[in-house]
């Protein structure tokens, strides 16, 4: 017999106490906390301006929701904002333990479901099997295609990326503790360094997570110190987000290739990393290892979850040859929550432990 305790909607608190309401989801094990209410208005004429405004004026919201005691070191979040693009159904700012990302594929897969289920897109006609959701991310407009039935999300989601391109290949980077390491850098809405884990003395499938994190973080720091990242469209996008360690299986095969992404402040992605899949597909296509519309499966070494990806057409990003990549995966709801922030709480803005 289940026990039940009658509780008020929220614990007793002062009427002026801030309340942050969220929906929690995950995609392949990677969390997404979507803010429904409680975040003050994010000002700015463009999405990138809103991102700067939130970083400068509302960062306490990020810390309260991402950090302990309400979150944890590897929590990920999304604040929905209006977009200046006429075709966008919604704009989104991505939150993590260090700040604000420019792109997040696992979040786009989850937000596709969320947008349909919460009425952020027009109702789909009877018999529609797939709904289209245009999501304005800081890197640009991406289009999600949400499997649906009777107007509700049902099953996997796929999306088409912004133009993805390769910034550098076979870059020799001096990584402390590892010597000279060959690194590729590619962009999938965010810039990543790619290294075969074996080159760092690690087995991507059996190594301890801590060892993978330490190695990836060392690569990220070394690349940031020795190589300048540039983006043809905006300086706001010109930063290295993290390092993805791979099993080195870049040539086309129907078997999954395994990787793990360490981004921001040593945050570990539980999923195969949607924007990382985009960048890795762009890298494989650039090297002639993959043709258009050849689907590859990407497996997370953290959870075993799988995304699929394929380059669907060629494009340009500034002077860079690029591709549009389709990524597919499945997101799930995990719950809802309302968090309060009491003025006399010395830890009200959160904390992190390493």
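Glycine is no exception: its Cβ is also placed from the backbone N, Cα and C atoms.
Quick look at what Swiss-Prot lists:
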| type | residues | note |
| --- | --- | --- |
| ACT_SITE | 104 | active site, proton acceptor |
| BINDING | 105, 106, 269, 274, 275 | substrate binding site |
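Sequence-distant contacts of residue 274 (substrate binding site), defined as residues of its own chain at least six apart whose C-beta falls under 8 angstroms from its C-beta, comprise 27, 104, 105, 106, 107, 108, 109, 159, 307, 327, 329. DSSP classifies residue 269 (substrate binding site) as coil under the three-state reduction.
Around the Cβ of residue 275 (substrate binding site), the same chain contributes 103, 104, 105, 161, 188, 189, 190, 192, 241, each under 8 angstroms and 6 or more positions distant in sequence. Within the same chain, residues at least 6 positions away in sequence whose Cβ sits under 8 Å from that of residue 269 (substrate binding site) are 30, 106, 260, 261, 262, 263, 276, 300, 302.
What surrounds the substrate site, by Cβ distance within 8 Å of the Cβ centroid and not counting 105, 106, 269, 274, 275, is the set 27, 30, 103, 104, 107, 108, 109, 261, 271, 272, 273, 276, 277, 307, 327 from the same chain. For residue 106 (substrate binding site), the number of other Cβ atoms no farther than 10 Å from its own Cβ, over all displayed protein chains, is 30. Secondary structure at residue 274 (substrate binding site), as computed by DSSP, is helix.
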